[in-house]
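Report on one structure; see the data block that follows.
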């Protein structure tokens with residue numbers, strides 16, 4: 001007790017604003033249920049496992065901790081052990097929701113009770129352990145311990161503060177058309193039964209248009225079931241916005257209402273009145289058809305693609321050990337789990353965050369839960385060490401016990417912080433998350449090895465003016481290769497056409513085909529690569545050689561071959577009516593890939609370059625009025641439109657729109673645009689030389705930027721240090737160029753003029769080197785998606801480890817029996 005009193009000045013009582021990390025170690029996945037429990041500092045309220053607590057004491061001198069130990073004891077569930085529940089051993093999912101009653105919760109159905117033990121521990125010589133509760137403890141310590149026990153865990157607190165704590169796919173917005181909906185007096189009255197589509201013979205999946213009383217069939221679903229699109233075609237002809245699905249209307253006036261103009265299921269608070277207009281008395285109606293929610297649940301849980309990708313028909317053998325650690329699904333984090341499992345098979349990621357974890361951890365930042373390097377190292381060591389990979393008896397789950405699997409709670413909270421998509425609990429696109437990780441790594445890798453360099457490669461765009469024959473080469477960095485899927489090049493077109501005919505006939509007759517009879521278009525990966533390399537015509541191309549618009553031919557190739565190449569098969573697309581569509585295709589994926597035919601050659605000696613715009617005319621180039629009008633119509637600022645057209649060299653609306661999307665967060669996005677080299681005023685001519693804020697300059701230089709780079713960032717943001725940091729991270733190409741060519745000018749004004757505006761889509765890391773080598777690759781991993789769109793469904797990944805394929809299905813890790821390579825979404829190839 002005397003030892004404890006010696007350190008009483010360190011003991012603090014947490015207040016509401018303090019984060020208390022009492023559920024998990026900030027450096028590892030130890031928690032109160034692991035063998036050694038968790039130590040919570042009564043000074044900083046950070047939680048530590050046995051592995052890190054002594055190092056923390058040595059580094060900080062904070063010696064007083066609350067030790068938490070929790071035993072998890074399974075108890076019998078009388079509903080299961082007795083007569084059984086109505087839903088069977090696993091509770092049925094009845095709502096398209098996450099984290100709410102009836103929806104997917106991501107937690108086990110087993111029942112547990114917990115027994116907790118507490119000690120106050122003082123790390124002195126010798127270590128002092130005092131059981132709690134203990135009336136002899138100083139009141140200050142008792143108050144601190146009690147406050148920690150009552151405090152909301154940091155993970156729970158952060159979860160609650162997120163933009164969306166739960167996701168409920170059934171929550172709908174009130175339609176903007178509901179209040180003053182037009183309803184025609186055309187004499188129609190809808191009978192209570194006997195409904196049929198007015199354009200075909202379908203008698204189910206029928207929608208009543210609330211404006212004119214027409215009854216039409218609905219859209220086709222991704223598997224071919226559903227209707228014949230007559231209801232949506234009727235909207236295109238009439239613009240009558242609201243329709244209700246017949247058979248879903250209940251006696252309390254509820255039903256499935258769809259708004260075509262708002263492109264979503266909506267709420268119609270006046271549905272009873274709107275139905276009464278057509279002679280429908282809701283009090284006499286009974287729900288006879290499945291709602292759209294029930295249909296989507298059926299589609300998402302249907303055996304077929306889901307079963308194939310999860311290998312549910314195989315006798316999977318579970319596996320555990322270093323590199324075979326599962327990740328718990330936090331409700332919808334399968335996209336994150338799959339991407340991070342794949343990335344940590346790349347040696348560069350292991351070298352920086354696993355092999356290099358000790359110096360990262362030993363830095364002991366004040367807020368490790370919000371330190372990117374710490375959380376990446378924590379995740380990497382958790383996956384690679386094998387410490388949390390313990391098989392449960394009769395289960396594939398490596399996360400079914402306190403020492404099995406990891407829950408990426410802190411990592412998910414940090415990587416999604418401030419992001420409109422990844423901060424929510426909704427399902428997301430794995431490819432978009434991969435690019436988000438790459439972007440985040442870029443921000444945290446200045447002056448140290450960036451593991452994403454193993455994936456970075458250079459794309460070469462060759463544009464040839466069809467009028468003059470002169471060429472222009474542009475280069476840009478990429479981290480994954482997007483491939484369009486050419487459906488017209490399917491190798492089984494005859495079988496697909498026959499299946500489509502059989503399915504159409506079955507729908508006309510009101511019957512369903514056997515799901516096992518599904519015929520997917522089969523397409524070779526070579527056909528996808530050929531489509532990527534095929535020249536495309538660019539209409540309305542402004543040629544500096546002739547000073548007018550003409551047609552150009554654009555060819556895209558790879559200027560470098562990375563160590564690891566990620567292929568992105570663009571399965572998610574849009575239909576003509578702008579609704580989301582996932583292509584249900586089978587791609588013939590080779591184990592070994594040769595991409596030498598896609599290698600770019602650069603400018604050849606016999607080729608003549610198109611004149612540079614700035615060198616050809618002293619005034620700004622003509623801005624394509626059609627493109628300018630379209631961009632302005634999208635709501636972009638005029639000056640940003642000028643930038644987009646200039647930096648995409650008048651190549652059309654699509655490149656300009658892409659440039660806008662990539663640079664919309666730039667600090668100078670909407671500022672007055674003066675094209676470089678076109679007679680605009682220089683910085684010196686515009687007024688007195690810019691003087692950077694000394695405090696901001698010191699802070700930016702402390703982050704590793706040069707005097708010129710920091711000054712440039714402050715100049716572009718009006719000496720706003722916070723905005724300058726954001727500006728830096730969105731203009732890394734420009735700053736890297738300044739660092740390489742630092743002798744351009746010594747004056748701040750000349751440096752600003754020399755740097756010029758951002759080079760946009762045509763820019764690459766000037767002077768930077770790419771890892772390049774042979775274009776021969778072998779397949780080492782792939783990520784698959786099942787479901788109708790990127791926002792619903794499930795992701796799993798397969799990884800080649802020690803010569804055998806392994807499936808990672810969240811916390812389930814097993815040796816793969818039939819890796820479904822043909823149904824993947826992202827494919828990782830390693831250079832041979």
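Each Cβ is built from the backbone N, Cα and C atoms, and glycine gets one as well.
Feature annotations, reproduced from TrEMBL:
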ACT_SITE  334  active site, nucleophile
ACT_SITE  794  active site, proton acceptor
BINDING   197, 200, 217, 230  Zn(2+) binding site
BINDING   207, 219, 220, 221, 222, 258, 260, 263  substrate binding site
DOMAIN    173-282  domain 'UBP-type'
DOMAIN    325-832  domain 'USP'
DOMAIN    622-663  domain 'UBA'
DOMAIN    691-731  domain 'UBA'
Q. If you take the centroid of the Cβ atoms of 197, 200, 217, 230, the listed Zn(2+) site, which other residues of that chain have their Cβ within 8 Å of it?
A. 198, 199, 201, 202, 206, 216, 227, 228, 231
Q) Of all the recorded positions given, namely 200, 217, 219, 230, 794, which is spatially nearest to the residue listed as 'active site, nucleophile' at the Cα level? A) 794
Q: Determine, to the nearest whole angstrom, how far the Cα atom of residue 219 (substrate binding site) is from the Cα atom of residue 230 (Zn(2+) binding site).
A: 7
**Q.** DSSP-derived helix, strand and coil totals, residue by residue, for the domain 'UBA' (622-663)
**A.** 30 helix, 0 strand, 12 coil
Q) How big is the Cα-to-Cα gap, in Å, between residue 794 (active site, proton acceptor) and residue 207 (substrate binding site)? A) 30
Q. Cβ distance under 8 Å to residue 230 (Zn(2+) binding site), same chain, sequence separation 6 or more: which residues?
A. 197, 198, 199, 200, 216, 217
Q.
Name the residue among the recorded positions 197, 217, 334 whose Cβ has the smallest number of other Cβ atoms within 10 Å.
A. 197
Q.
I need the least crowded one of these binding-site residues (207, 258, 260), counting other C-beta atoms within 10 angstroms of each C-beta.
A. 260
Q: For residue 794 (active site, proton acceptor), list the number of other Cβ atoms lying within 10 Å of its Cβ atom.
A: 20
**Q.** Per-state residue totals over the domain 'UBA' (691-731) - DSSP helix, strand, coil
**A.** 29 helix, 0 strand, 12 coil
